[in-house]
């Protein structure tokens, strides 16, 4: 019913429809109409109510509501099932619960804010209300757990492509899967999985996309930025999310048809790590060298005076010599 | 209170203690004593009740009760927290729930029977009441998910060593982690994990140990056996489980101190796969060859006419040419 009222309002965007007409057309009471209008307002739709003329939609919501996302969706699997939360502890946690309970592949969890948004290795992720795209997607890939690290490179390619297409900014991928603009982080990706040794049960890819924030907490002010700061414009989160889902689905389909190498080629092109001097801070030793390539496992290959070192996600943090 | 009554009965094993004495010593009512005795009987303790003489423990329980396990425990971490179930859907499922809720490393889940015991790749596992050791242990290893497949080889070494020590039968390891006696399966291991790309959250190693079954369903009658059939004797499940936990802890500690290669040496020695002609049935192709070694990832190396093929868990099932 709420969706039906919204559709009528959208169809007449900017023009009034009387409560009587809504009530008559949809065969509900005037009180019910009024309650739904109130709920739509709470969902961020700007609806003007005029005592005589009725209701008019002045501005669409800026929330990442399932109906709004679905209106822009071009992907066939990703985003067919959407779980929306104004606030959640972490979209990855919700998605893991759904996945463990058997939700279909492609299910997404979207939140306006995360109370305990998480980055890699239990680091926090700043997730203020309505300012970013905080979402997670459930995949059930036919890979083994040894392939899971490559999923994270695949995800980086998908989101980077979608961002550059929608916003026109020139973002790049910092190994393994941060998306940077002008040396500052725009997107973080946290991939988690449940697996047997033989097969993946599910993978949850969580993304924190700094869309429209204008400022950041002091701890990350020097290293983070947003697409709004990069473009000077507010970014439509709904359009960007739909595009990200489409591009993720593209790379995921390509990997299943042609293997990871097909997507690694794009990763190399969009990488801002390859060809750069990096310093590796590992568990046991530190070293510097030239990042020359990634190998078939998605490991970063670094040319040092002693030869080529192979660096796997988790082993190290990488710093750029010119940062 | 129940434990205290049991201790007094055990201390006087075979001799009667009057209800009055129990009641007086432990400062509880005669009715309470009687209720605890009844509960102990339900737990499988054979307690004789004489109207005049009182109670005597005739036979210890054959259940895998936490107190019984702890009485034999020599491991310092594994088995310090024990969750016991007469029946459970699957010990791995219970252990995964506990692990996700933050249980300490080394926590074990033990069941007398599993309603939906699982083997690898969602195959079932025959888990009749009281006949086997159906348990799972939670580890939180400091490895990456790429190392998780090696955990399963490590687990095989631990359990194989414990079985051979306790029972004296000569079991061996079929790659990657089945324990066989005389060509038939005695133990299956199902390792599952929750991980980020960078770090393992937890690993659950589940084992199904065919201890005292005398017969099997027809589907597995030709390929399964039990330790009781192998030795001609009933095996003490409590003693064997305590030994398995001790040996698992040994190999786990060794791996953390000296790396997986230190345990792979034992795996090679106890393997019944290496040096054998095997047929590999893969997703896309089948081939035969001589199993010559495992590599640093735990992959099986198979020498064929075309060269050495590398086989990872999950890619294949292996059949022996003489079976």
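The backbone N, Cα and C atoms fix where each Cβ goes, glycine too.
Straight from TrEMBL, the features:
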- B:19-38: DNA-binding region (DNA_BIND)
- B:90, B:91, B:92, B:114, B:118, B:119, B:120, B:185: biotin binding site (BINDING)
- B:67-256: domain 'BPL/LPL catalytic' (DOMAIN)
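Here the features listed in TrEMBL are placed on the structure.
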{"residue": "B:90", "record": "biotin binding site", "contacts (Cβ under 8 Å, 6+ apart)": "B:114, B:115, B:116, B:117, B:118, B:206"}
{"residue": "B:91", "record": "biotin binding site", "contacts (Cβ under 8 Å, 6+ apart)": "B:85, B:109, B:110, B:111, B:114, B:117, B:134, B:135, B:136, B:206"}
{"residue": "B:92", "record": "biotin binding site", "contacts (Cβ under 8 Å, 6+ apart)": "B:109, B:118, B:136, B:190, B:192, B:204, B:206"}
{"residue": "B:119", "record": "biotin binding site", "contacts (Cβ under 8 Å, 6+ apart)": "B:125, B:188, B:190, B:208"}
{"residue": "B:185", "record": "biotin binding site", "contacts (Cβ under 8 Å, 6+ apart)": "B:178, B:179, B:210, B:220, B:223, B:224, B:225"}
Residue numbers, six or more beyond the limits of the DNA-binding region (B:19-38), whose CB comes under 8 Å of its CB atoms: 1-2, 4-5, 8, 47, 49, 54-55
Neighbour tally for residue B:114 (biotin binding site), based on other Cβ positions within 10 Å of its Cβ: 26
Residue B:118 (biotin binding site): tally of other CB atoms within 10 A of its CB: 22
Residue B:91 (biotin binding site): secondary structure state under DSSP, collapsed to three categories: helix
Averaged pLDDT, computed only over the residues in the DNA-binding region (B:19-38): 91
In three-state DSSP terms, the structure that residue B:119 (biotin binding site) belongs to: coil
For the DNA-binding region (B:19-38), residues assigned helix / strand / coil by DSSP: 17 helix, 0 strand, 3 coil
